[in-house]
Amino acid sequence: MATPDGEQVWAQLQPQDRAWLNDLSRRAGPDTELALVGGAVRDALLGQTPLDLDIVVAGQDGQGVEALALASGLPFVFHPAFENATLTLPDGRGADLVRARREHYPQPGRNPEPLPGTLHDDLRRRDFGLNALALRLREDGAPELLDVVGGLRDLERRELRPLHDRSLHEDASRLVRAARLAARLELHPAPELLAQVPDALALADDTPRLWAELKLLLAEPRPGQAARVLDGWGAGTLLPGLPLLEALDVQQNAGTPVQPGTYAAAVLSAAPDAAALAERMALGERPAALLARALSDSYFAPGTPELQLRGLLRPESYLPLTGREVVALGVAPGPAVGRALAHLAGLRQSGAVRSADEERTALRAYLGANPKAT
């Protein structure tokens, strides 16, 4: 492909984003270097419209970053630990102002210690080459595309390449992030990435961010596809329930929406210790509650998450008779309906009925033995 330039990236941004980035550049001053970095540049080069914007601020300390956020006129929250600021754009999206830094990992899996750095330092600390591209913003003149680590070559090859041989050792969550990107953008792993997978797996328990990344994986457009990528890389043990996740993907592909919570419940159904996994991934209580309802004999309407899961976990299950149906079969409206449904529920729980037809037969026998129910 032709070598891309900054104008190509700039053109992919939304007009309102170009406007406020221009305004930010004017307010930054001559001693400050600003650059749009990471996923926004990558996605723009892939022909997509970037929505998540990260801007590196070089030449300023934390006070300078906070002052620039204030000068933007947008609501913001300042994060002192990394001297970053999160702006709230008019449409509700967030945009991060990130002080240029280097990073030191005192211990694998733990948060890195930030150190002052240049724009080039900031790009070299990133996870993969195609995420280390930058668009240098200028108050006057065309934006400049920067590639200091060979990210353009990786993007052309659609290859995920870690930037050094201890990348996944320092932060094993990069393994899951790579799988998410590979599934979403149809990327493949560089040999250097696959070589580091065993190291990442060995450090998974010591890397809280890895479990947070797995939760984010369940919110991907096709979580089953991302889980299949992990499995293909030899990391399938991180996320149980692959066949269920892929089956839910099939439902999505057929036009039936599937919520992240349904995927999470499917994972818990296959976990040796569901409670421990839910806590580690910070899933909250809802997926476990959804799973319990799906495994119950309660009635749920077609298309509900409970029924989506039940069809996978209990393929022999069926839709029990409803109150309207038992009335149509001869039960008198009123309290008799509840008693008839309770009788059928007891038969289901005992295994005495295993289909809607068997419920109808059992209901007729019930009515014969209880004529007052008619």
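The backbone N, Cα and C atoms fix where each Cβ goes, and this holds for glycine too.
Listed features, source Swiss-Prot:
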type    : residues                            : note
BINDING : 39-42, 126-127, N131, 171-180, R209 : CTP binding site
BINDING : D52, D54                            : Mg(2+) binding site
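Shown here: features listed in Swiss-Prot, placed on the structure.
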{"residue": "G39", "record": "CTP binding site", "DSSP (3 states)": "helix"}
{"residue": "D52", "record": "Mg(2+) binding site", "DSSP (3 states)": "coil"}
{"residue": "N131", "record": "CTP binding site", "DSSP (3 states)": "helix"}
{"residue": "S173", "record": "CTP binding site", "DSSP (3 states)": "helix"}
{"residue": "A179", "record": "CTP binding site", "DSSP (3 states)": "helix"}
Pairwise Cα distance for R42 (CTP binding site)/D52 (Mg(2+) binding site) [Å, integer]: 11
Pairwise Cα distance for S173 (CTP binding site)/D54 (Mg(2+) binding site) [Å, integer]: 20
Those binding-site residues listed as D52, D54, and which of them has the most Cβ atoms within 10 Å of its own Cβ: D54
Greatest C-beta neighbour count within 10 angstroms, which of the binding-site residues R42, N131, V176: V176
D52 (Mg(2+) binding site) and A179 (CTP binding site), Cα-Cα, nearest whole angstrom: 19
Nonlocal residues around G39 (CTP binding site), in sequence order (Cβ under 8 Å, 6 or more apart): P50, D52, D54, N131
Neighbouring C-beta atoms (10 Å sphere around the C-beta of S173 (CTP binding site)): 23
